[in-house]
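Let me begin by presenting the structure, written as structure tokens, before commenting on it.
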Amino acid sequence: GCSLLPPQHLTGTLVLSVFTAVLGFFQYGYSLGVINAPQKVIEAHYGRVLGFVPLDRHATNTSGEDGAVTVPGTEAWGGTEGTLAPPADSSEDLTTAPHMLTMYWSLSVSVFAIGGMVSSFTVGWIGDRLGRVRAMLVVNVLSIAGNLLMGLAKFGPSHMLIIAGRAITGLYCGLSSGLVPMYVSEVSPTALRGALGTLHQLAIVTGILISQVLGLDFLLGNDEMWPLLLGLSGVAALLQFFLLLLCPESPRYLYIKLGKVEEAKKSLKRLRGNCDPMKEIAEMEKEKQEAASEKKVSIRQLFTASKYRQAVIVALMVQISQQFSGINAIFYYSTNIFERAGVDQPVYATIGVGVVNTVFTVISVFLVEKAGRRSLFLAGLMGMLISAVAMTVGLVLLSQFTWMSYVSMIAIFLFVIFFEVGPGPIPWFIVAELFSQGPRPAAIAVAGFCNWACNFIVGMCFQYITDLCGPYVFVIFAVLLLVFFLFAYLKVPETKGKSFEEIAAVFRRKKLPAKSMTELEDLHGGEEA
């Protein structure tokens, strides 16, 4: 009988378990953000290692600064780029170098997402084989290894070490981005599922913010310290490793997957304090019978079986809207946009965006159980749409009216705020809510893959598209946001406070699209009206 007092649900063990799990997302955010600040410094270092030394520094810097590559060795990179090439070749030297550097740099940034794409498919399998907690323990080894490679980047061929390190931390983050929501949604009481699910996003933005601050040139974003900056999330990995030893296994996993009733009760008692576990055990029993009646669903079945189709489309579109909403563009380009808007210290403005980002994610933790997932998702998309249009207008008319720079700047902040209200946090946990036990692992894998693939596409293509469209780049995002909004309005159900069974029932009833809206409203008692 403790369902009426949510604070009572928040036991120390639950807080510890969720905090520990979410450290995985902190590492993800840190890895996303860390690479932006020291770009110039690392590119310069790559240039020295690869023998593309800026011409004016020939005399001082021939051997690359750590002596890892001596001049004769540069022939391996195709003779003409050798630092001691005769002046006649210097023009060629200058044209190939930037192009090669851009390639190595883009790869350093985006190989992270490739790692994530690859590992997102193994999440369900690892989570079921090892159990949620043991799986999180094991994958931390990847994080520690990848961060070591980056931290030691100066002692070897740094471009290779960084690309390898980013790929391995990417593998870790892919696994983590599936295991963490799985664990958190399974240990949370229904009343807090959304609020605790929003912590994933909070951990990401905190990671981004800390990496931005540490990346300031007078802290770690400089020539001496950047390897430490890149490898620092290894500290979070170590912390997570030791804290996980104290976390109880997911009672849902113990009960439904392993059938260990007593252990599940023990785990529940630890997570819920002195409240009677029987109501939740009964819920799990119901879910277990469902799971027994519905066999484990493979990824192929997930796409072929008509009963999952609606839910799968929703799960994928929610991920696509998160990545293609243009938020990455803001993070990649905020410094640039602030520069164009005439800010003296654009780096600090960018950190300002990070702070606003974090504050509003905290606010959404409280909103998501009050207002519901669907309405927040819609409000967020609409707000971002308006901000994107305002930003475009601001950037286009900048040359005519100087005050337009303020319009674009305010639009950046609003864009970020609306993102954190809905499209930011909700995709991470709504997928776990849309599916019952049978198809859930497959669904989380597919959604994770989709999220990473979109992340990769945006990361790789964005530079080229911006060069093409200039200030009109946000028009593309505005159009996409409109599409996402209409889709969400027509298709995304409300999942707040419903058990997994009720949510599945919504989709079963939604075979006829024409009726779907009114039915949803009946289900909520006209909550959106």
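Cβ coordinates are placed from backbone N, Cα and C, and glycine is handled just like the others.
Please treat TrEMBL annotations as automatic predictions, because they have not gone through curation.
Database features, via TrEMBL:
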type     : residues : note
TRANSMEM : 12-30    : transmembrane segment
DOMAIN   : 17-496   : domain 'Major facilitator superfamily (MFS) profile'
TRANSMEM : 103-126  : transmembrane segment
TRANSMEM : 133-153  : transmembrane segment
TRANSMEM : 159-184  : transmembrane segment
TRANSMEM : 196-214  : transmembrane segment
TRANSMEM : 226-247  : transmembrane segment
TRANSMEM : 311-335  : transmembrane segment
TRANSMEM : 347-368  : transmembrane segment
TRANSMEM : 375-397  : transmembrane segment
TRANSMEM : 403-421  : transmembrane segment
TRANSMEM : 442-465  : transmembrane segment
TRANSMEM : 471-490  : transmembrane segment
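The transmembrane segment (226-247) is not in contact with the transmembrane segment (347-368), judged by fewer than 3 CB-CB distances under 8 Å for residue pairs 6 or more apart in sequence. Using the rule of three or more Cβ pairs under 8 Å, pairs at least 6 apart in sequence, the transmembrane segment (347-368) is in contact with the transmembrane segment (196-214). Looking just at the domain 'Major facilitator superfamily (MFS) profile' (17-496), the mean pLDDT is 85.
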